[in-house]
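What follows is a short report on a single structure.
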Ligand SMILES: NC(=O)N[C@@H](CC(=O)O)C(=O)O
Ligand SMILES: [Zn+2]
Ligand SMILES: [Zn+2]
């Protein structure tokens with residue numbers, strides 16, 4: 001049962017991709033009309049959303065996250081499918097890919113279908129489970145990739161994220177296997193031997209404060225190996241959370257050679273540096289680690305010039321007891337769903353390096369394409385298209401506070417900072433999941449996901 005399509009909306013004076021103001025009508029789950037003020041037919045009883053004073057709200061295709069940790073099953077104390085997807089809607093997302101490092105692992109058709117159904121029941125965003133590459137993320141035996149692909153969850157993205165698929169033979173087999181169903185292997189690029197006991201980026205800061213370093217080469221050597229493997233077997237590779245200047249160079253080289261590789265950067269790697277580790281506050285402990293200012297500049301440049309295809313949150317919620325402890329025993333990871341768009345605005349749009357159309361590309365169109373969900377998500381803001389939309393106020397300034405975020409965990413590295421931009425409304429197939437910057441509770445099972453088996 002879906003409550004979609006019952007309410008019609010007219011968005012007055014909004015700017016698709018940041019262009020000139022128009023009125024946009026949403027009805028029956030689709031974009032019914034777009035036109036100059038006063039020129040479009042507004043269905044009777046439609047709810048009006050006005051852009052207010054100033055330059056007006058920016059209308060984007062609903063955001064798509066290729067890398068979200070929802071923690072269910074297994075760590076419901078950190079997040080559930082419900083709480084994590086509610087946070088995603090608050091952040092402007094209409095679809096997320098749920099990473100496989102759950103307990104039990106998302107390595108069978110049964111577990112991915114369970115997560116897929118939980119996503120439908122929650123109804124906040126489309127949930128696309130990622131399948132594990134190896135059984136239990138153990139790195140020894142390929143999981144049932146085909147069964148997950150054929151399941152109701154229709155898995156296309158496979159990853160042992162949290163762990164690297166280190167065995168080159170297994171990585172090769174996985175790349176070969178996923179070709180049969182147009183899948184992609186998303187690699188967490190971390191050479192395990194080079195990162196034993198690693199706590200933060202290896203560099204000046206780690207030497208000064210006495211923490212074991214995670215060298216850039218541990219990431220870069222795996223990426224270099226994997227792009228060559230992908231070329232050798234003619235398969236598609238995706239690189240998770242790329243974080244170093246050298247990694248950007250390797251991807252640029254690989255794309256120049258025609259290798260079918262895509263890459264993501266997280267919001268935190270676009271702005272934060274390893275200097276933040278100096279106070280030993282584990283909120284800044286993450287994998288891969290925060291790097292240097294030079295790396296931050298390189299990933300921004302790579303994102304602007306298209307070397308890096310997408311921004312993915314790597315939303316990694318952890319309960320207080322796993323983060324509020326000594327640095328060396330704290331968990332790796334930070335939340336990101338509710339701050340991602342603001343960080344991209346601050347680092348890329350407000351600096352003049354990207355347009356809002358570019359934001360739509362890196363946060364919606366490209367992740368949809370990589371995840372093979374282009375029937376339903378990352379589609380143009382155009383008449384007849386499904387009304388998966390995000391309405392942003394770029395002039396708002398928000399003070400970030402982990403305790404008031406929608407996610408069940410409060411480990412945001414942006415706590416205490418002010419960030420530009422606020423998600424005013426999010427629509428999933430024409431149904432508002434967020435209005436006036438607040439999530440709309442009382443949603444019900446949404447089984448209209450066109451990519452799923454239940455269409
Ligand atoms: N990014 C992190 O630091 N942690 C992730 C795992 C991962 O993305 O590698 C997690 O699951 O907590
Ligand atoms: Zn990872
Ligand atoms: Zn991750």
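Using N, Cα and C of the backbone, Cβ positions are placed for all residues, glycine too.
Cross-referencing 305, 309, 314, 322 with the Zn(2+) 1 binding residues that TrEMBL gives (67, 69, 161) picks out 314. Of the listed candidates (232, 238, 241, 268), TrEMBL assigns 241 to the same Zn(2+) 2 site as 161, 188. A Cβ distance below 6 Å to any atom of ligand 3 is met, among the binding-site residues 70, 101, 161, 318, 333, by 161. Taking a Cβ distance under 6 Å to any atom of ligand 2 as the criterion, the binding-site residues 67, 69, 161, 188, 318, 332 reduce to 161, 188. Within 10 Å (C-alpha to C-alpha) of residue 287 (substrate binding site) lie the following binding-site residues from 67, 69, 241: 241.
Long-range Cβ contacts of residue 161 (Zn(2+) 1 binding site) within its own chain (separation 6+, distance under 8 Å): 67, 99, 100, 101, 130, 186, 188, 240. Note: the Cα of residue 70 (substrate binding site) and the Cα of residue 314 (active site) are spaced 10 Å from each other.
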